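Listed in TrEMBL:
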TRANSMEM  30-49  transmembrane segment
TRANSMEM  61-80  transmembrane segment
TRANSMEM  86-106  transmembrane segment
TRANSMEM  113-132  transmembrane segment
TRANSMEM  138-155  transmembrane segment
TRANSMEM  167-188  transmembrane segment
TRANSMEM  200-218  transmembrane segment
């Protein structure tokens, strides 16, 4: 907390600015896009503050940074989603999940977690399917598969039963779950029915998810111990 906390202060301030201003979504503008993306920009700075050498040496860190970049572009597109840019935002976040999955890696495999995540993803898509039409029938299916895969790889890293876990792995796991909650809320609110306080739920879980995933990239001695084990 002492080492990483101060680096996250700009992120918390930017998040507060977003919620305090609470700019209406009915009148999208470049200013509202900037305010929405500002916390993600701060997470770029958070990772860059660890040094270029750190990002170059750690594959997971540079891929998470790339994922944050695509996330910011996706956020900007979603500001104008009513003007036809929703699919563009969906594509940017699909790339983000691919990058995050790559950052989390395929070890340990943990097929049980993969099976559970497959069931959860299938249930979510089955629920949404009756409300989908046209290209979204397929686009949403692909997107759910990608975010479900990302969630599997994040959850698989936390082996509590074998005591092979670190706070960075736990951070990635919680972040991935919150990301799925945020995206599911978006889907239900857009395609199914209005969700009370949807915007607050979506953005609070989204910002928390991105912060935790960014934290998971931080190099620590615990991570080295995990690899040795």
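Even glycines carry a Cβ here, placed using N, Cα and C.
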Long-range neighbours of the transmembrane segment (200-218), counting only residues six or more past its ends (CB under 8 A): 4, 8, 11, 15, 18-19, 39-40, 43, 46-47, 50, 58, 60-61, 64-65, 67-68, 71, 100, 103, 154, 168-169, 171-172, 174-179, 181-182, 185-186, 189
Cβ-Cβ under 8 Å with the transmembrane segment (138-155): same-chain residues at least 6 beyond its ends: 87, 90, 93-94, 97-98, 100-101, 104-106, 110, 113-114, 117-118, 120-121, 124-125, 128, 132, 172-173, 175-177, 179-180, 183, 187, 191, 213, 216
Positions whose Cβ lies under 8 angstroms from the transmembrane segment (61-80), at least six residues beyond its ends: 25, 28-29, 32-33, 36-37, 40-41, 43-44, 47-48, 50, 54-55, 86, 88-93, 95-97, 99-100, 102-103, 210, 213-214, 216-219
